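Below you'll find the structure, written out as structure tokens, and then a few comments.
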Amino acid sequence: MTIAIGTPEEKRGLFDDMDDWLRRDRFVFVGWSGLLLLPCAYFAVGGWLTGTTFVTSWYTHGLASSYLEGCNVLTAAVSTPANSMAHSLLLLWGPEAQGDFTRWCQLGGLWTFIALHGSFGLIGFMLRQFEIARAIGLRPYNAIAFSGPISVFVSVFLIYPLGQSGWFFAPSFGVAAIFRFILFFQGFHNWTLNPFHMMGVAGVLGAALLCAIHGATVENTLFEDGDGANTFRAFNPTQAEETYSMVTANRFWSQIFGIAFSNKRWLHFFMLFVPVTGLWMSAIGVVGLALNLRAYDFVSQELRAAEDPEFETFYTKNLLLNEGIRAWMAAQDQPHEKLVFPEEVLPRGNAL
């Protein structure tokens, strides 16, 4: 008698079927990360388009901020809630709006809606890169690199206002609104003199320089695959083998600077390291500002400038500019504080 011994087929459940459907090879990959990314990105972008088109900032900032009121793509914004809302999540069904959509928009509920959905959407996009990299056997450095922009977004739009008195002090979602927030950061925190800002600028501009140098060097050292006179005819874009000479590039930069990258791994790691580290440093600096930490204070120069009218440095001049920014912005931004400044220090009309 023959007895066949085999392993019974495992029963597939709903989770297995869902996993198969989510991770199926299709034109646009969905994946488990898509369950977070796609709805959050949809709601964040949709909320921003709705707010910039229809919703006023009159009740929160005393401003016009929508296309309906005459703004354009550079001046429209979804503005932050009023300072009196503090750190309320401003849920549509919460005690502030009580289910009234119009009132919710007037109070600034769209801003918290966009900020929270936008944060989770960015995190979902990073998880998407992890998931696809894992599926096809890549290292996860793309996702790690994307943590740089995420850290900046979260620190500026969420952590900074959490350290202040309310969401009011976060940037509104608009081009001119972001510019205004940058001026605010300078006036109230002297942000340009902050070492973390300096590292961020060095990282971002250094990365731009590295990209330009790298792209130009690769184009300069392409292997010719034809007799064309220009780059676009001199090689076949679908050729399987390597297309440029690292040895030639190394020799060129060795002659220019005396040093050069010896291998591609170190070169490309450096191109990853510079911008991502710069963004992380900026995010750390903004977290410090959330706690109102000071940066550099050159008190000796301030004291000497106060005593000697002929002594002035770019640092002391910038401090006076910062005082002007504070005097102008505070009274406009926070009318409920009833801040009063002497007439001689305030601007007249639109004159700077």
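Cβ coordinates are placed from backbone N, Cα and C, and glycine is handled just like the others.
Note that the structure is predicted; figures quoted are calculated from it, not measured.
The N-acetylthreonine feature in Swiss-Prot is assigned to Thr2.
Taken from Swiss-Prot, the feature phosphothreonine covers Thr2, and the record attributes it to similarity to another entry.
According to Swiss-Prot, the feature transmembrane segment maps to 40-60 (among others), an assignment based on sequence analysis. If you look at the transmembrane segment (40-60), the same-chain residues 6 or more away from its ends with a CB under 8 A from one of its CBs are 66-69, 71, 76-82, 105-108, 110-111, 113-114, 117-118, 120-121, 124-125, 168, 172-174.
Per Swiss-Prot, the feature chlorophyll a ChlzD2 binding site maps to His117. Remark: His117 (chlorophyll a ChlzD2 binding site) has Cys40, Ala41, Phe43, Ala44, Gly47 as non-local neighbours, by Cβ distance under 8 Å and separation of at least 6 in sequence.
If one looks beyond the transmembrane segment (124-140) by at least 6 residues along the same chain, the residues whose Cβ comes under 8 Å of a Cβ in the stretch are 23, 29, 31-34, 36-38, 40-41, 146-147, 150. The transmembrane segment feature in Swiss-Prot is assigned to 124-140 (among others); the stated evidence is sequence analysis.
The feature pheophytin a binding site is assigned by Swiss-Prot to Gln129, Asn142, with sequence analysis given as support. In sequence order, Pro140, Asn142, Ala143, Phe146 constitute the residues six or more apart from Gln129 (pheophytin a binding site) in its chain with CB-CB distances below 8 Å.
Annotated transmembrane segment per Swiss-Prot: 152-165 (among others), in sequence order, evidence recorded as sequence analysis.
Annotation source Swiss-Prot lists chlorophyll a PD2 binding site at His197, citing sequence analysis. Taking the Cβ of His197 (chlorophyll a PD2 binding site) as reference, residues of its chain lying under 8 Å away and at least six apart in sequence are, in sequence order, Trp191, Ser282, Gly285. A helical conformation is recorded for His197 (chlorophyll a PD2 binding site) in the three-state DSSP classification.
The transmembrane segment feature in Swiss-Prot is assigned to 207-227 (among others).
A 10 Å cutoff on Cβ-Cβ distances gives His268 (Fe cation binding site) a total of 14 other Cβ atoms nearby, all chains included. DSSP classifies His268 (Fe cation binding site) as helix under the three-state reduction. What Swiss-Prot records for His214, His268 is Fe cation binding site.
Around Phe261 (plastoquinone binding site), the same-chain residues six or more apart in sequence whose CB sits under 8 Å from its CB are Asn250, Trp253, Leu267, Phe270, listed in sequence order. Per Swiss-Prot, plastoquinone binding site is recorded for His214, Phe261, and the stated evidence type is sequence analysis.
Positions annotated as transmembrane segment by Swiss-Prot: 278-294 (among others).
DSSP assigns Phe261 (plastoquinone binding site) to coil, not to a helix or a strand. The Cβ of His214 (Fe cation binding site) has Leu267, Met271 as same-chain neighbours under 8 Å, each 6 or more residues away in sequence. Asn142 (pheophytin a binding site) has a Cβ environment of 15 other Cβ atoms inside 10 Å.
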